[in-house]
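Features reported for this protein in TrEMBL:
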type     : residues                                                                        : note
ACT_SITE : Lys37                                                                           : active site
BINDING  : Asp12, Ile13, Gly14, Lys15, Thr16, His17, Asp52, Glu117, Gly118, Val119, Gly120 : ATP binding site
BINDING  : Thr16, Asp52, Glu117                                                            : Mg(2+) binding site
BINDING  : Ser41                                                                           : substrate binding site
Amino acid sequence: MRQFFVTGTGTDIGKTHVAAAMLRHWRGRGVKAWALKPVASGYQPARSAASDAGVLLAAMGQMTSDAVVGRICPWRFADPVSPDMAARRAGRVVPFDEVVEFCRREMAAADVPLLIEGVGGAMVPLDERRTVRDWMVALGLPAIVVCGGYLGAISHTLCTIEALRVAGVVVAKVVVNGVGDLPVPVAATREALLRHGAGDVVVFGSAEWEAWLVSL
Ligand SMILES: Nc1ncnc2c1ncn2[C@@H]1O[C@H](COP(=O)(O)OP(=O)(O)OP(=O)(O)O)[C@@H](O)[C@H]1O
Ligand SMILES: C[C@H](N)[C@H](N)CCCCCC(=O)O
Ligand SMILES: [Mg+2]
């Protein structure tokens with residue numbers, strides 16, 4: 001099954017960037033993959049093309065407009081904060097059961113590869129009780145965990161993986177997306193993660209990454 005939940009160690013870590021690369025890979029091979037970004041905070045309708053959903057739609061070769069974005073991103077909130085807070089500020093809530101139901105419907109209908117991007121890191125609150133991790137547990141999809149190469153990334157990544165595993169979420173792949181000024185080469189971050197039991201770890205854009213994509 002080529003369905004994955006794309007999460008990460010935090011916000012701005014490259015979940016959308018990695019998911020878009022996967023979509024472009026499939027599209028380049030004539031495979032019409034699909035992606036969802038069901039819940040987004042920091043969404044500006046006037047800048048829909050620059051939103052996560054807009055970037056994913058572009059990678060799928062789809063037109064972007066606020067209306068089209070709504071198809072893959074039904075719950076959009078303006079404030080660029082944790083989705084529970086962004087929803088509250090808008091006088092709304094993130095309707096957890098509806099979000100899960102929306103994803104399940106899309107999963108059941110998909111006869112092409114499907115990616116579901118979370119929001120922020122794996123333990124980001126969706127409402128007063130539930131986090132992204134609860135959403136992942138409800139869907140039961142294998143996870144792609146995107147992490148960085150910054151100083152602190154190793155611990156953040158191991159903590160994220162631990163939090164997922166203890167809840168029964170299968171981590172299919174950890175993707176080290178080391179951008180910017182790095183304290184050590186990304187390969188060294190990967191080696192450290194491997195040594196400490198992170199599982200299957202690849203550096204984004206590496207030969208192993210490409211080989212994995214081809215194997216999917
Ligand atoms: N490998 C990379 N090379 C170049 N730019 C990158 C890379 N990874 C991420 N970026 C850029 O960094 C920014 C943050 O990445 P991205 O939007 O994918 O993060 P995210 O984890 O999806 O964030 P959010 O929590 O808001 O969903 C974007 O502008 C993206 O284009
Ligand atoms: C606005 C941002 N790009 C994401 N949509 C939301 C990130 C929430 C992070 C909350 C937290 O972990 O403290
Ligand atoms: Mg994103």
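Glycine is treated like the rest: Cβ placed from N, Cα and C.
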Going by C-beta under 8 A and a gap of 6 or more residues, the same-chain neighbours of Asp52 (ATP binding site) are Lys15, Thr16, Lys37, Ala40, Cys73, Glu117
Comparing local Cβ density (other Cβ atoms within 10 Å) for the binding-site residues Asp12, Glu117 points to Glu117
For Gly14 (ATP binding site), the nonlocal same-chain Cβ neighbours (under 8 Å, six or more residues apart) come out as Gly8, Val146, Gly148, Val175, Asn177, Val179, Phe204
CA pair Gly118 (ATP binding site) / Ser41 (substrate binding site), Å rounded to integer, equals 11
Counting across all protein chains, other CB atoms within 10 angstroms of the CB of Ser41 (substrate binding site) number 24
Distance filter, Cβ under 6 Å of ligand 1; input binding-site residues Asp12, Gly14, Thr16, Asp52, Gly118, Gly120; output Asp12, Gly14, Thr16, Asp52, Gly120
Filtered by Cβ distance under 6 Å to ligand 2, the recorded positions Lys37, Asp52, Gly118, Gly120 reduce to Gly120
Same chain, |i - j| six or more, Cβ under 8 Å of Gly120 (ATP binding site); the result in sequence order is Gly8, Gly10, Thr11, Ser82, Pro83, Val132
Around the Cβ of the residue listed as 'active site', other Cβ atoms found within 10 Å total 28
